[in-house]
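In what follows, a single structure is set out as structure tokens and then discussed.
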Amino acid sequence: MNQKSTGTQGAAAGDVLLKVNGLQKHFPIRKGMLQRQVGAVKAVDGIDFEVRSGETLGVVGESGCGKSTMGRLITRLLEPTAGTVEFEGRDITHLGVSGMRPMRRDVQMIFQDPYSSLNPRHTIGTIVGAPFRLQGVTPEGGIKKEVQRLLEVVGLNPEHYNRYPHEFSGGQRQRIGIARALALSPKLVIADEPVSALDVSIQAQVVNLLDDLQDELGLTYVIIAHDLSVVRHVSDRIAVMYLGKIVELADRSSLYRAPMHPYTKALLSAVPIPDPRRRSAKSERILLKGDVPSPIAPPSGCRFHTRCWKATRICTTQEPPLIELKPGQRVACHHPENAEDQAPQDTQLLSAAREAIELVPVGRDEAPAGQGAAAAEPATGSEGAAAEGTASGE
Amino acid sequence: MLAYLIRRLFAAVVMLVVIIVVVFGIFFLVPKWAGVDPAAAFVGKQADPAAVEAVREKLGLGDPIFVQVWEFFKGIFAGRTYAAGGDVTHCAAPCFGYSFRSEQAIWPVLTDRFPVTLGLALGAAILWLLFGVAAGVLSALKRGSLWDRGAMVVALAGVSLPIYFTGLLSLAIFSYGLGWIDAQYVPLSDSFTGWLGGMILPWITLAFLYAAMYARITRATMLEILGEDYIRTARAKGLREPVVIGKHAMRSTMTPILTMLGMDLGALIGGAILTETTFSLPGLGQAVLTAIRNQDLPIILGVTLITSLAVIVANLLVDILYAVIDPRVRLA
Amino acid sequence: MTELHKSGAAVGEVVDASPAPTAFLEVRDLKVHFPTDDGVVKSVDGLNFQLERGRTLGIVGESGSGKSVTSLGIMGLHTAGQYGKRRARISGEIWLDGTELLSADPDHVRKLRGREMAMIFQDPLSALHPYYTIGHQIVEAYRVHHDVDKKTARRRAVEMLDRVGIPQPDKRVDSYPHEFSGGMRQRAMIAMSLVNNPELLIADEPTTALDVTVQAQILDLIRDLQKEFGSAVIIITHDLGVVAELADDILVMYGGRCVERGPAEKVFYEPRHPYTWGLLGSMPRLDREQTDRLIPVKGSPPSLINLPSGCAFNPRCPYADVPKDNVTRTVRPELQEVGGRHWAACHMTQEQRERIWTEEIAPKL
């Protein structure tokens, strides 16, 4: 599973298509009349990962974790502060506009907002056909025919070629955005919150469409989203981001069954489950207290230590590296869940850690006795129960 | 808040210095580059060569440029003595220059004229704020009604009719026709009622134009604000409608209005030339007009500087008010 | 605005002058229509429900289903401060604790707003006035309904901020909304809406703008507060997870009408409307084994100007072709009781729906 040495050309399934090393993006904060730089928002602060051909990498995290910035960095819509981005073994980090042009055919982006990402003055035909004109490519049979074929592929009526975006519903507009992204048969599609602006029933249509397109066209996806259920549904592997860092990177089943990073665990347990009976089931929810710290001055050491219930001294001083603790599961934590403690000598909990969380019984009326005492050391018996609903004995 | 104030004040001072340098540059250097003799320009075209030479020496036009700038700056704060041989002219501080053409220092001219213009601008501003904002708010609240449409037609008329038309019309009706008002300027120090009588028509004329603009912008802003979520919240709290409008919506509506007010007041002080000419008010605008006719450059220079000062001060006041109204500005 | 209503009269425009209900909140045949250039938008078109004190009703639906319009209608916010021809047309009856709100004197309804019934909005950043401190806004909400001096009101504001879990409430009371994080702002919003101990709390997508960990905090807070204050709560959301966490009863809206209503257990485990099935099938779930495909609802939500005649869901319904006895497609199905306190509006027979649910839908979820 260790893919660190791979970097070969070509895009056979399973090969590394995209490789990101030490990627950073700091947005300078300028102040005063002279616009001196007084600090930086460390939106993305050193991340490494790779995406293999044909897979879907899901990226989750809360607002401000840097996931969208990351997406814009790998499509080179933003200039990285440091680090490298390799596509098919080629360093594209510092390619200029002309150098990027051929690359733009292979890497496409789908945006969140189907209302603002389409020019209201252009017809659907013009919008979907734009990539051909920009790249100077004439597809077989002409642009119009190809655009109509694409519209059909994404489930739109090809006769709507001459209509304008406002004549379509939100879900249909997102399909238009997808058709545009697919025009040049890209190898990699980055989708930034592709369904979060859509209604539930429409969300499912678009998720299924993305799925089908991957099967048919052999696409590789990086799907950025805040919705953990959607990410689980679409992804093969998942990266969890917190304050500009990847804290856990694992394949889907490992991550959702046995999350190792405390943050991942808290995140999973926070998702409301659409099942009223779960309220009285004997499981509990980890309720993180407070808010995500500012990315301008992120906490020292492990960035999660200010809100973590397992934090010890070492967490405040040493940044845990992202290492593979189990095949296919990398985590950056000194005291991971569901794995061997990486710093067993350090056992003294920080005083903040004792109050970091509240364990809330999900059952409304049947609060088990003695919950408060368990706050400092979450009961190991309930390990993963929050993540695996089906295991809770229904 | 204090840091914000200090920053704004500092910015204003820097701006003022920059403006003085630029204005100085325009008036002293551009004629030179254009091949026009600045000394001749200051004296006027018909001056005899000897007088031109005298002015050249008095102004130090032969000196290096930075010396000239320095002398001019020094003059503002310490006064200045123009000397050429035995001919000595003294200009007391603050010396904004000396008109060799009309044989007088500029500063007294400015102090003479300034109150007239300031009175005109401030009086008109009060009127247009009262009526413009009120009309705009009413229009927004009764959008689509007869009142709204009527008010907006009047506003359109106000914006498009030129001052000299509305001014002359009001003079013709109220002063010459009906004889209600004696449209003669009387200084405030002489008689309050006389001053009021002389100013009322200019105020109304000027306010008509501006009230129209303010009504339109108030209406547009108010309509936007009324759609905001926090207005809905205010109503959901059970606040009375007058409180919702007068407090919650008004405070937000004031921001763009204040910005406009700052710029308009500054510009008006620089010279409501048309209004002052139409009503024969001895203000700065009229002084400039006369100076242009007589090619009396030092007066134009002085008025330009005082105008810039007025704009800067007005904007500084607006910035401060802005921060009082909107707490988010204080951080910027 | 006032000329339409007889002050204090309990008789609405509805023909049958039905007696005052016993439920704490009862909505009868509520219609909210907005006239536009293209036609009348029937955002809510005949809605009925009841709610008792201490209970939570979850209203679920997609955008345009009329769920938010309903909440604003109960609060009387469609007519308050709305002038001119574009004003919403509202009919029906809304009974709150024995008072009919639509026919009541608008100033009386205003006095109930914020005191008897309060609301939490979706986006706390835009719902709080950016120019006033949090404290000022809470104090204002308290003093509209209580004749107390500013000091007392301020003490109350600090107390409420403390209750909703804002650290250092005596300091944060003087902060502006932009100085709070998203979660803190929503807490402040909740503090403001609860400052007068309202008996009815309407939360319109209270967590949609928040991150998932913050959402968990806020849902927890709402649950605790309800237990403490014993008020009736309406929670409006598109997220079935959120209603499952909070609601006792669920009302599913589609095209401005209720298509299914019943106890949460029933709606989740024995849903009897194809649209509810569609919602359940569309969402990926963390509490289930990974499924290969979601089961989406085909098509798009209907236009509220030209609702399909008959069942509004008909064009999207996968079971539209199931043979039905004695019904015409152009007739709109009415809500029928399908079990204890459980209603659904569908032309298929009970048996047909029971069979489809147990044999075709449930196994795939």
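Our numbering is plain: 1 for the first residue shown, then up by one each step along the chain.
Each Cβ is built from the backbone N, Cα and C atoms, and glycine gets one as well.
Pulled from TrEMBL:
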DOMAIN    B:114-322  domain 'ABC transmembrane type-1'
TRANSMEM  B:9-30  transmembrane segment
TRANSMEM  B:118-141  transmembrane segment
TRANSMEM  B:153-174  transmembrane segment
TRANSMEM  B:194-215  transmembrane segment
TRANSMEM  B:257-279  transmembrane segment
TRANSMEM  B:299-325  transmembrane segment
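Remark: the transmembrane segment (B:194-215) contacts the transmembrane segment (B:118-141), by the rule of 3 or more CB pairs under 8 A.
The recorded stretches the transmembrane segment (B:257-279) and the transmembrane segment (B:118-141) share 3+ CB pairs below 8 A when only pairs 6 or more apart in sequence are counted, and are therefore in contact. Among the recorded stretches B:9-30, B:118-141, B:153-174, the one sharing the largest number of Cβ pairs closer than 8 Å with the transmembrane segment (B:299-325) is B:9-30. Sequence-remote contacts of a segment are chain residues at least 6 beyond its ends whose Cβ falls under 8 Å from one of its Cβ atoms, and for the transmembrane segment (B:118-141) they are 147-148, 151-152, 155, 188, 195, 199, 202-204, 206-223, 226, 245, 250, 253, 257, 261, 264-265, 268-269, 272, 275-276, 281, 283. Through the fold, the transmembrane segment (B:9-30) approaches residues 38, 61, 65, 68-69, 72-73, 76, 297, 300-301, 304-305, 308-309, 312-313, 315-316 of its own chain, all at least 6 residues removed from its boundaries and within a Cβ separation under 8 Å.
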